[in-house]
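In what follows, a structure is listed as structure tokens, so that the remarks can point back to it.
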Amino acid sequence: MAAYQQEEQMQLPRADAIRSRLIDTFSLIEHLQGLSQAVPRHTIRELLDPSRQKKLVLGDQHQLVRFSIKPQRIEQISHAQRLLSRLHVRCSQRPPLSLWAGWVLECPLFKNFIIFLVFLNTIILMVEIELLESTNTKLWPLKLTLEVAAWFILLIFILEILLKWLSNFSVFWKSAWNVFDFVVTMLSLLPEVVVLVGVTGQSVWLQLLRICRVLRSLKLLAQFRQIQIIILVLVRALKSMTFLLMLLLIFFYIFAVTGVYVFSEYTRSPRQDLEYHVFFSDLPNSLVTVFILFTLDHWYALLQDVWKVPEVSRIFSSIYFILWLLLGSIIFRSIIVAMMVTNFQNIRKELNEEMARREVQLKADMFKRQIIQRRKNMSHEALTSSHSKIEDSSRGASQQRESLDLSEVSEVESNYGATEEDLITSASKTEETLSKKREYQSSSCVSSTSSSYSSSSESRFSESIGRLDWETLVHENLPGLMEMDQDDRVWPRDSLFRYFELLEKLQYNLEERKKLQEFAVQALMNLEDK
């Protein structure tokens, strides 16, 4: 009994499909036999709808209901669903705090609130910078309000990190964006702590700490997926250019060191009209100068300034500038631009292919749903039309039988003058013939119905009914049915019902086997978690 109740509680698509097939089959048999007068016009979804349930129940409490089978597919398993499948969560009386923290973090309202705070923090920093040097005492309440708002925003950011830790501490540190968010939040917390402690001064470190408050705007990178994709594309492009950048840095170093030696006379020249005499004074300045030449910024003015010193050879200086312009500014920069464009095109092509694949899959799913819905509509229309035609044919047959009975009764009345024994024998013969005809018609109707339903679909059956009249079809196939081999038999109703019942139980057994396998997998996962 418990197993039967458990089977009733479970909702299996395959078992429901078999049960729906059983109901449709026996409903058709009953209609062909004239035992039922109603067809399934409503589905389970319509019956469970509160707005229509009362109306359907008041209309006909004994009407049949058509099952609509729609499988449910889980596209992506969330962290909350994984957490709910854990053994200690299922066995505990109350849900853990990690489940609540994950629900808060996944809430769209909380995400939008964090994004709003990031933009609000940017506006507050802009206003604070404008009011930083102001000595007006009337603006002190505004400054205090901005300071309180900055502290409130910082506390909300810290609370967000604590919720992520509470949700899953190990997964938090595996995500690069979470680590980036943590570093930005902690760096923006340092100037607030310094101000709270009371450290004052104008040192460089304090100024850098104050600048760190601006880093809170970088939290937008961890909030928007589109910005993350752009950054990932840039990182991927830079990875593909690793060796090219290494080669470029080597040439930077070579030309910087060469410039220090080649233009040493220019650097030590006593002329007062030299504008760029410190550009090659040491290695750092030489590296900056090489980078300026790499960008083609006033390179000719620098060359003209070098030519003012007669100790520097014009040939070597010209070769130095032209060679670096050819290698760095023309060749290397063109290669870098070409590689960046190629990488972006490849990434764009991959994204387009992925989007096209998803669109094709979506169109295929929509096409499948349309085909399934069309088949359901066609089968429903064919079934209703066949029922209506069968009812019409049964009515015509009943009228013919009534006319036949009336004619026979009239014949009996006309022969009323016969003897009493002849009358009794004729009445008994007429009753026997009528009963045989009725039994024969009902048996032929059931056998032809079961055989035609098992051999062909409902659509073909409805088409064959539409082409021929029922009485004509029976009379044409009557000799063939009489000459049919006795071994070729159709299933009885009880055997057919038992067959569908066993198929339904088989689906429940398969589902139970599947769940046992899932429990074994979850047990192994719980052992690994411990």
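Using N, Cα and C of the backbone, Cβ positions are placed for all residues, glycine too.
Per Swiss-Prot, the topological domain holding Gln93 carries a different name from the one holding Arg271, which places them across the membrane from each other.
Ranked by Cβ pairs under 8 Å to the transmembrane segment (109-131), the stretches 141-166, 176-200, 315-341 are led by 141-166. Counting same-chain residues at least six beyond the ends of the transmembrane segment (141-166), those with a Cβ under 8 angstroms from any Cβ of the stretch are 97-98, 101, 104-105, 114, 117, 120-121, 124-125, 127-128, 131, 172, 178, 181-182, 185, 188-189, 192, 213, 216, 219. Here the topological domain 'Cytoplasmic' (223-239) has Cβ contacts under 8 Å with residues 111, 114-115, 118, 177, 245, 339-340, 343-344, 347 of the same chain, all six or more residues outside its ends. With a threshold of 8 Å between CB atoms, the same-chain residues lying at least 6 positions outside the transmembrane segment (176-200) that come near it are 150-151, 154, 157-158, 161, 164, 206, 209-210, 212-213, 215-216, 218-219, 221-222, 228. Residue counts for the topological domain 'Cytoplasmic' (167-175) under DSSP, split into helix (H, G, I), strand (E, B) and coil, are 7 helix, 0 strand, 2 coil. Residue counts for the topological domain 'Cytoplasmic' (223-239) under DSSP (helix as H, G, I; strand as E, B; rest coil) come to 15 helix, 0 strand, 2 coil.
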